[in-house]
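S.K.: Take this structure first; my questions come after.
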Amino acid sequence: MRKQGKKMLQTNLDVTSIKPNDSMAEEMTEKEFRMYIIKMIREANDEMKEQMKALNDRTNRQLKEQIQEAKDHFNKELEILKKNQTEILDMKETINQIKNSIESISNRIEHLEDRTSDIEDKIFNLENKVEQTEKMVRNHEQNLQELWDIMKRPNLRIIGIEEGLEKQAKGMNNLFNEIISENFPNLKNEMENQVQEAYRTPNTQNYNRPTPRHIIMKIPNIQNKDRILKAVREKNQITFRGKPIRISADFSIQTLKARRSWNNIFQALKENGCQPRILYPAKLTFKFDDEIKSFHDKQKLKEFTKRKPALQIILNKIFHEEEMKNKEIISYCLREA
């Protein structure tokens, strides 16, 4: 601004002329001429002062306007900063709240983890107790099954004799003797009157049932019972009054189920000449590699077949079918659940 004022002053000085005309200069004395020059200088100075004042006023006004604009701009920027500072403070407050919430959630999670750990320990203990209880139940069931089989050990189960024929034979003893005479005449003299107790099972007759109830006969001499069963195995067909019947040992329901589970394997081994047998109460035996093998459950037999390729060829299809059947049963149970 100072440079601009100096430039304008210089221009005004250049423009202003202080020379008098020739006629006036000739008529003036030296003193008058000096006075005239001084006057002109004073007038020029006054005019310069006025121009300087106007220039200063205009410069000051422009400076004030620029200062005011800068001040307004600064105030706006300050307001924005204050607003941003307020938002930052709000954000800090929000962040603190979030931190507090996270800390609270972390504490709750730790508490839940502690509770979960306690619950897992309780579940583990309960599972152990359940496992022990199940083991005890299985042992009790096995003991009960063995006790039941022992009680049934002297019994023969006769299947296929029509209802009421025991009355025609005038008692179970006579019916048993008639069966022995018809099928095993060489045992007749040794087996007469060997029935200690006999009854139909179940106790009540279901007239809608197409087949007759089974007859249970208790033979006091277990060796005689075993001789009868051996003779039954050796003879292809057992009859009573010309009609086919079946004679088998009497077992508990669980043992019968276990014996029936060997049926497919028994048939496959029989077809391949392995001479299978089901021993008391539900043990499978057969001949393989000139040795007699015996198994109480299928899992052990399955493990054994893995080491015997020839036997695996015989039984692999049966094991596969049973595995697929078990998967279908499990899938069905899951769908129903």
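Just so it is clear, glycine is given a Cβ too, placed from its N, Cα and C backbone atoms.
No curator has checked TrEMBL annotations; they are predicted automatically.
Annotations for this protein, taken from TrEMBL, read as follows:
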COILED    38-143  coiled coil
DOMAIN    153-250  domain 'L1 transposable element RRM'
DOMAIN    254-315  domain 'L1 transposable element dsRBD-like'
S.K.: Give me the mean pLDDT over the coiled coil (38-143), rounded to a whole number.
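M.R.: A mean pLDDT of 83 is what the predicted model shows over the coiled coil (38-143).
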S.K.: Could you give the number of helix, strand and coil residues in the domain 'L1 transposable element RRM' (153-250) as assigned by DSSP?
M.R.: 36 helix, 25 strand, 37 coil
